[in-house]
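Participant: Checked Swiss-Prot, it gives:
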type: DOMAIN; residues: 7-352; note: domain 'DhaK'
type: BINDING; residues: GLY53, SER54, GLY55, HIS56, LYS104, ASP109; note: dihydroxyacetone binding site
type: ACT_SITE; residues: HIS56; note: active site, proton acceptor
type: ACT_SITE; residues: HIS218; note: active site, tele-hemiaminal-histidine intermediate
Amino acid sequence: MKKLINDVQDVLDEQLAGLAKAHPSLTLHQDPVYVTRADAPVAGKVALLSGGGSGHEPMHCGYIGQGMLSGACPGEIFTSPTPDKIFECAMQVDGGEGVLLIIKNYTGDILNFETATELLHDSGVKVTTVVIDDDVAVKDSLYTAGRRGVANTVLIEKLVGAAAERGDSLDACAELGRKLNNQGHSIGIALGACTVPAAGKPSFTLADNEMEFGVGIHGEPGIDRRPFSSLDQTVDEMFDTLLVNGSYHRTLRFWDYQQGSWQEEQQTKQPLQSGDRVIALVNNLGATPLSELYGVYNRLTTRCQQAGLTIERNLIGAYCTSLDMTGFSITLLKVDDETLALWDAPVHTPALNWGK
């Protein structure tokens, strides 16, 4: 294994120290470790907080700033942050209007964020939750009960962050997050595995002519391993799966801060249909050249046009990675005029930055 690290035990500490030094708009906290906006708490606005295992950079710490997250809790590589990190971060960013926890659907994340939610409620913080489960590839996986939360998380953090920035209430922000989760669809493929520093070897092996179809962002198995032929064929198979697997029913939990208890809600993922308008994210899983990602986007635009989908906005690049995995994911999020206005609203973070 050759990686630009000193000691595997210091990877998280050193990368966070570098992030904070590179971006004075962020504050790195210690004991426990978490990151916030330097101006947190922001009075009069809902605070957004997310987190998860490291290795997916720039998610989540790269999305802290005006118009997006108030703070983020990074765990060790592919390891959920502990409840005390989440609790302390939320206490730091709470500006009095409540805290919304955006949680990717992985067993460890769910358990730890739910524990922190109850601790926050007991401490008098108005808090609620949104669970993201946009991966259409598999229902259950190595890390999840239910579908995985992947790159649509980035889009939701941007859009809900814009709503919080303009002064929307905690309930409105949470409702928007759940709506966007039901309108977003993602799928990924891998041509090569990632290497976790502590393991020192690739997490799986593929033959030269194989790809992992429906891979997760921790290298979890997907739908199957199948022959890799060409860019167009790969995008076509992914696009068809997004459409075919795009509708499903499931039960998701959220915290009702008024009743002080968990509530279960039946939700339906909305399939993409002709006439829909979308934001398209072509996401580098770590080691895929940008030139290839633009090739992917070229084919994706053709398939969207054929299916009657209009791409209103796009992101192409590394936004939700899996260390050094060779591969990419596609996310399509159904939008309307209001959603696009939130997308176009100013955002100033290390990884997304536009507007005044």
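Glycine too: its Cβ is placed from the backbone N, Cα and C atoms.
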Participant: Greatest CA-CA distance (Å) over the residues GLY53, SER54, GLY55, HIS56, LYS104, ASP109 that the record ties to dihydroxyacetone?
Facilitator: 15
Participant: Using the structure shown, find which entry in HIS56, LYS104, HIS218 (the recorded positions) has the sparsest Cβ neighbourhood within 10 Å.
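Facilitator: Comparing Cβ neighbour counts within 10 Å for the recorded positions HIS56, LYS104, HIS218 gives HIS218.
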Participant: Whole-number Å only: compute the distance from the Cα of GLY53 (dihydroxyacetone binding site) to the Cα of the residue listed as 'active site, tele-hemiaminal-histidine intermediate'.
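Facilitator: Rounded to the nearest whole number, the Cα-Cα distance is 9 Å.
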Participant: Applying the rule Cβ within 8 Å of the centroid of the Cβ atoms of GLY53, SER54, GLY55, HIS56, LYS104, ASP109, what extra residues of the same chain belong around the dihydroxyacetone site?
Facilitator: GLY51, GLY52, MET59, HIS60, PRO74, GLY75, ILE77, PHE78, THR79, SER80, TYR106, ILE217, HIS218
Participant: Over the domain 'DhaK' (7-352), what does the predicted model average in pLDDT?
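Facilitator: PLDDT averaged over the stretch: 97.
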Participant: Around ASP109 (dihydroxyacetone binding site), how many other CB atoms lie within 10 A of its CB?
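Facilitator: Its Cβ has 26 other Cβ atoms within 10 Å.
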Participant: Using the alpha carbons only, what distance in Å do you get between GLY55 (dihydroxyacetone binding site) and HIS218 (active site, tele-hemiaminal-histidine intermediate) once rounded?
Facilitator: 8
Participant: In terms of DSSP three-state secondary structure, what is the assignment for SER54 (dihydroxyacetone binding site)?
Facilitator: strand
Participant: Using other CB atoms within 10 angstroms as the count, which residue among the binding-site residues GLY53, GLY55 scores least?
Facilitator: GLY53
